């Protein structure tokens, strides 16, 4: 039987195609925005950090309210905020007003997350991990298309702002489509069911688990967000690539992330434990970053762009969220809010740190990301070991119960 929420899911996914473009719009148009705002690269980086603050300011609040009042209002609000950002950012001529519009874009991201992730888990209860990972496919598609769009605009000597207008146009059409779609019922007003008490207790999240998943939300977001913002500049100024070639690194990066999504989604659904992939991908990210820092040559950077896209931006953040949401079966919006609040702290703090590092050396930025990835691997290892320990405990408990 066809899932009645498939059209809704498709619309939700298209929002993240636009979001993928929105994340990179300012960094890929950095030179033009420096002129528009009368600032330098560090100034643009500070404006980029406003997305993280805006996201953090409302994410937990929006997640809690989406559990209570439903997902649709927050998704529509997020789309409206994003369109305001796309139009408004081009109308300002200083970084203060630009910072306000960046803050609005961060809020838009939070509203979308608070409504979309729980909606997909409720629309596809048998495969929530796959449903969430596919979000990353659309984010990566947007990040793949944007460098091509900007390269075309540069080649045709057209206004850089058309890249913002294209994103706004897609979002507007999708808003009209989603307005007519049906959303799955949310659990906010359901009465508690006594027979679910045992299951709820089994899924209760300990303080240690809560802290580890929340910290992983920060680390995983920081690892790939830093690369997505500075990969082009690293290729140009450290590896000695041309501007047009350095921009294409982001397309290579997104090809890697797309391939990872299409490989990971069936693996999680059928054979491999999510925690295994969490540990594996985080470890490979660390090795890739360490290698490119030691050997920042033309071909190494190209290979690095593909590998780091595969391992850090191919759905590992969504895997972490799905694992955490399993600990909050009746409060998925709350889990999303907590997890992505940590991630939004990363999108706020990382640009501030890298703005300082960029004034010294762009190479230092990748060394900094290498250290983050190393911590991420240790954390993923901790999560994986605790998860397997709990799985063995529950299996033993089930085997002993019939004989009790």
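Placement of Cβ uses the backbone N, Cα and C atoms for every residue, glycine included.
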Residue pair residue 3, residue 321: same membrane side in Swiss-Prot:
no
For the transmembrane segment (158-178), I need the partner stretch with the highest count of C-beta pairs below 8 angstroms, choosing only from 6-26, 44-64, 297-317, 337-357.
6-26
Run through the topological domain 'Periplasmic' (228-246) and tell me, per DSSP, how many residues are helix, strand and coil.
14 helix, 0 strand, 5 coil
Is the transmembrane segment (207-227) close to the transmembrane segment (85-105), in the sense of at least 3 CB pairs under 8 angstroms with a sequence gap of 6 or more?
no
